[in-house]
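Record features, source Swiss-Prot:
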- G8, K9, G10, G11, I12, G13, K14, S15: ATP binding site (BINDING)
- C95, C130: [4Fe-4S] cluster binding site (BINDING)
- R98: ADP-ribosylarginine (MOD_RES)
Amino acid sequence: MRQVAFYGKGGIGKSTTQQNTAAALASMGYRLMVVGCDPKADCTRLLLRGVRQPSVLDTLRDVGPESVQLEKVVVQGYGGVKCVESGGPEPGVGCGGRGVITAIQTLETLGAYKDDLDYVFYDVLGDVVCGGFAMPIREGYAEEIYIVCSGEYMALFAANNICKGIKKFAERGYARLGGLICNSRLVENERALVEEFARRLNTKMIHFVPRSKDVQRAEINKKTVIDYDPELPQAHEYRELARKIDENDEFTIPTPITQDELEDLMREYGIVD
């Protein structure tokens, strides 16, 4: 069983990318569980065709830890993908990252990881790998990490910060970085920029996902692109990304760059003056 965490700047399309990749792997015959590690509890919405499932933390609050049952917090979605949302604390109370810890520990207690799974995906909130949201890495659940980014400055800034956190854990023998996924924003020289940025981080751009209105069309219909129309060119892109992740055997400890180096890189590729 391979355990994979997806990180990235808020709004970059991380959850969309993760769910489409999960759907692609499911269509290839793999068995998956997706654990949404975001208090918004929207990391599995497309796989569940818009159905909002009860989160682990909401269920714990409603019935208490002794009465929680696995079938109450694990819902089957597209292609048989098992979907879980960790949820979060009540507004203004508690720590969202702590909620991730509680949710994953609850899943383990309930035996969710004993199923015959090929992949577990963790869709993790956070521009920075803070203690709670780093839990899938720190506690040895996620073994490989992919960062979703674009050629925009703040997306690369966040990716670099995430790499700083990954580096700390990787040096202690925890997870490794599997690569960057460029979710295109049609930035000038975007592919070349992200490839060079990845090289400097001691990793690779595992796939360039082109911008497509079909992603939005599928989302309006509350589906992944694979589910909406598996023959679309964008569906092929997600299948290709899934194939590359499945075949990837190059995992590294990242080498983050300085902010000055990042700004110089942006200037080198004509992104900023």
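Cβ coordinates are placed from backbone N, Cα and C, and glycine is handled just like the others.
Sequence features annotated in Swiss-Prot and their locations in the structure.
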{"residue": "G8", "record": "ATP binding site", "contacts (Cβ under 8 Å, 6+ apart)": "K14, I147, V148, C149, A155, A158, A159, I162"}
{"residue": "G11", "record": "ATP binding site", "contacts (Cβ under 8 Å, 6+ apart)": "none"}
{"residue": "I12", "record": "ATP binding site", "contacts (Cβ under 8 Å, 6+ apart)": "V148, C149, S150, A155, A158, N183"}
{"residue": "G13", "record": "ATP binding site", "contacts (Cβ under 8 Å, 6+ apart)": "V148, N183, V215"}
{"residue": "S15", "record": "ATP binding site", "contacts (Cβ under 8 Å, 6+ apart)": "G36, D38, D42, C43, R45, D123"}
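Put simply, C95 ([4Fe-4S] cluster binding site) is 19 Å from K9 (ATP binding site) when counted between their Cα atoms. In this structure the alpha carbons, written CA, of C95 ([4Fe-4S] cluster binding site) and G10 (ATP binding site) are 18 Å apart.
DSSP assigns I12 (ATP binding site) to coil, not to a helix or a strand. Same-chain residues that are not part of G8, K9, G10, G11, I12, G13, K14, S15 yet have a Cβ within 8 Å of the Cβ center of the ATP site turn out to be V148, A155, N183. For the pair formed by R98 (ADP-ribosylarginine) and G10 (ATP binding site), distance between Cα atoms is given as 19 Å, rounded to the nearest Å. Take the CB of K14 (ATP binding site) and look out to 10 A: across all protein chains shown you find 25 other CB atoms.
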